[in-house]
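Worksheet: one structure, shown below.
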Amino acid sequence: MWCCLFLYLGLGFGQGDTSLCLFQVQNDPEFKHKIKTQALLYPALQVIDCHLPSHQENEHGVVITKDLAIKFVSLYFTNDEILYQAMRRNEHMPLESRHLFKLVNWSTFLPEKFRKDYVYTEPILGRYNYSWPVLTDIRASPLLANDSWLQNLPPTYVLTCQYDIVRDDGVMYVSRLQNVGVQVTHDHIENGIHGALSYTEFPLYLRLGFRIRDMYISWLDKNL
């Protein structure tokens with residue numbers, strides 16, 4: 001029996017939980033249905049490295065700035081201002097998390113067009129005595145899932161936007177899925193902004209939003 005699963009959250013910053021939900025049911029022997037597809041639109045998929053090229057390029061983004069994005073994410077975990085300030089400096093991860101950075105190393109997983117002239121530097125680890133174990137939980141960062149989890153995922157649709165602070169999360173996810181043999185369709189919108197699909201109703205209309213809607217529906221028509 002087939003069961004269709006649509007994973008779409010308009011602002012992109014909640015898709016970690018939905019991806020984890022899919023990981024769990026795909027790897028649960030008690031779950032008897034087969035999930036047919038997953039779709040992620042401008043997803044945020046990791047919180048351990050806050051200095052990706054897309055973070056630097058879109059620091060003062062049109063829809064969401066780097067500071068605002070980090071504020072949203074930090075408040076999801078704690079009200080402690082220390083985490084917010086540490087994430088702004090990319091100094092929020094403990095020493096024991098070093099092995100995880102190979103899973104989100106943008107110099108490995110981003111195509112050259114996204115790497116540009118940026119130089120990868122590992123975040124400063126162990127700067128604080130505080131510990132936030134949730135930061136390394138795949139519910140917060142699905143990109144930290146190992147390959148054996150990822151390879152069980154169904155055909156996947158990922159849409160990313162050029163002018164989006166979380167652009168590189170989606171692009172790296174595409175690379176990792178392709179590396180383990182998952183069928184992936186990746187639509188990248190060169191003039192896209194985060195949340196563009198939201199602008200298809202009064203009072204805000206963007207042609208870009210309708211274009212994204214049509215691309216997404218076209219993929220669904222072909223894959224359901």
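Glycine is no exception: its Cβ is also placed from the backbone N, Cα and C atoms.
These figures come from a predicted structure and were not determined experimentally.
What TrEMBL lists as domain 'Alpha/beta hydrolase fold-3' is 135-196.
According to TrEMBL, the feature signal peptide maps to 1-16.
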Stretch-averaged pLDDT - the domain 'Alpha/beta hydrolase fold-3' (135-196): 94
Secondary structure composition of the domain 'Alpha/beta hydrolase fold-3' (135-196) [DSSP: H/G/I, E/B, coil]: 23 helix, 18 strand, 21 coil
